[in-house]
């Protein structure tokens, strides 16, 4: 110990440990032995124990984890965490143009959108981990959240504090040989990926083996499971790592002009970024970068499942904007899925929630793409015929998109004499109803409708899923029990369940039953968009349900709409419109809807854009920046959208108004630069009231 007072010594120790931590986990160039780091760490621990008032949120001692949580709190992302669209390459195509046709189409769309002959792209590895958001205020990590559904994630701040490569405090870092120093912004939101290095994954599985516990299938599953531990001490023991790949917000500073320079800027703040990055020009540069990254894949210390390309200039990104839930300026180029040989032991069919009959190959277990595969989809009867798959065949199995296993092809020369062809059954294997196939459809369907328990189960699972009514605690196994016990036949039956009936189910118990009843009661209050999505109408996904709710405003208006009226809604074509008309034309479906409403399912009134439009707001694009005196950001956004306006996250020539509050940052500067009208809160409220 030194003669310094405890406050000064603690501050000095924290600064030293932050520096040594950055050298070890980010720069991979430690300047002191592990024993010296451990000695200083123990000294700081002892100081904070003796003087609790010295403990701080950015102390390295916070990395060891704290007391377990009861549950994770929800976090609404100020800017949605969007996913990327994917492109694939057919590496079996000998023609280079055909091999990368999807990538070429992406490049063409970007060039067309920008009016350029050639575009500069930033290239990065596509990490195979878990997307997270980090928020720093005045350099201190104050919040960490998972991506969740893109709009709402889970608050995993305490767990992320245990990840050694994540700085708890940003510094005006001096930089290193590769990266320049940077200035800490007042508020910074960084997006990145939490993952587990291959060596740490092997170590974890060795520990699982020694403890007699189940092994993790792959590093991604291990990372996701580790980050979502309610006990942060478990997360701390798992040796996760982090790489930043985007800036969502940076208040009080001007970002560099390009994405690649922005990544260098983050590195200057002490945040870890990938060193497998490059900048290329045009399609030839993209394909070359892809081939190079594919060749590096096996030798990298972490798993990647593709390459990410982003238009490098941020001004060009802003011009291209977004479509649905993905940016137009970026794409993920997925690697070819891993393949393996195995034998088809049987071909059965499974029944989907809409009655779709899907042939499934039952396989001799085979390890593909990090998991053991025993089943593979054959899609439909025509696909089985086209690939000529027989029971007994040796086949090549691939994890398409590294997610869904599929049979790619048959090694016909290995077909045994006793191999037998697949015959589509005439009746549903679950309920015995006839299987029918329309002349213009590839998919056969069970005609049993809601009489078929397989459809009951999958329809109920969809109804209760996170993006639908989000019934906490109602998973696949419990749905199976409820249907098999005859307690639930339609979604409306869920709301008639009581605690005594549920408690009698296997492995439920009084507390679990009480929690489910409470969760169901909470789900009675939802939104029209979620309700429409929960009905499971064919071809109506989450985004379409949201568009329908905004366009029609009420369920009655939606149910009464004919095909032509439906096609006036955004992104609704004839196929989707036909599905909606057919769904509500079925009397049983209307009975289910009526029963749900009678059970108390309700939502706030949704005002349509046309009915709520305010002159001066409707059709205009707004950007919010800084802190408004009385309106929260979500409240301001909701009021603008209710009046027919649109709120975006970045300022461009298409922006009509920038609403600026206290501590407005670079967005305000950009507005002045482009000559865009700037409003304060009072002016915004006047505009919304139609008084401007």
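Sequential numbering from 1, following the chain as shown.
For all residues, glycine too, the Cβ spot is worked out from N, Cα and C.
As recorded in Swiss-Prot:
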BINDING   34, 35, 36, 37, 38, 83, 84, 124, 147, 193, 310, 334  NAD(+) binding site
ACT_SITE  126  active site, N6-AMP-lysine intermediate
BINDING   428, 431, 446, 452  Zn(2+) binding site
DOMAIN    612-692  domain 'BRCT'
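Here the features listed in Swiss-Prot are painted onto the structure.
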residue	record	Cβ contacts under 8 Å, 6 or more apart
36	NAD(+) binding site	none
38	NAD(+) binding site	none
84	NAD(+) binding site	308, 326, 327, 330, 331, 332
126	active site, N6-AMP-lysine intermediate	304, 305, 306, 307, 308, 332, 333, 334
147	NAD(+) binding site	81, 130, 131, 132, 133, 153
310	NAD(+) binding site	121, 122, 124, 259, 317, 329, 330
446	Zn(2+) binding site	351, 355, 357, 428, 430, 431, 433, 435, 452, 454, 455
Original post:
Within 10 angstroms of the C-beta of residue 431 (Zn(2+) binding site), what count of other C-beta atoms is obtained when all protein chains are considered?
Top reply: 18
Subject >> Local confidence of the domain 'BRCT' (612-692) - pLDDT mean >> reply: 84
Original post:
Where DSSP helix means H, G or I and strand means E or B, what are the helix, strand and coil counts for the domain 'BRCT' (612-692)?
Top reply: 28 helix, 17 strand, 36 coil
Original post:
For residue 452 (Zn(2+) binding site), what is the tally of other C-beta atoms lying within 10 angstroms of its C-beta?
Top reply: 21
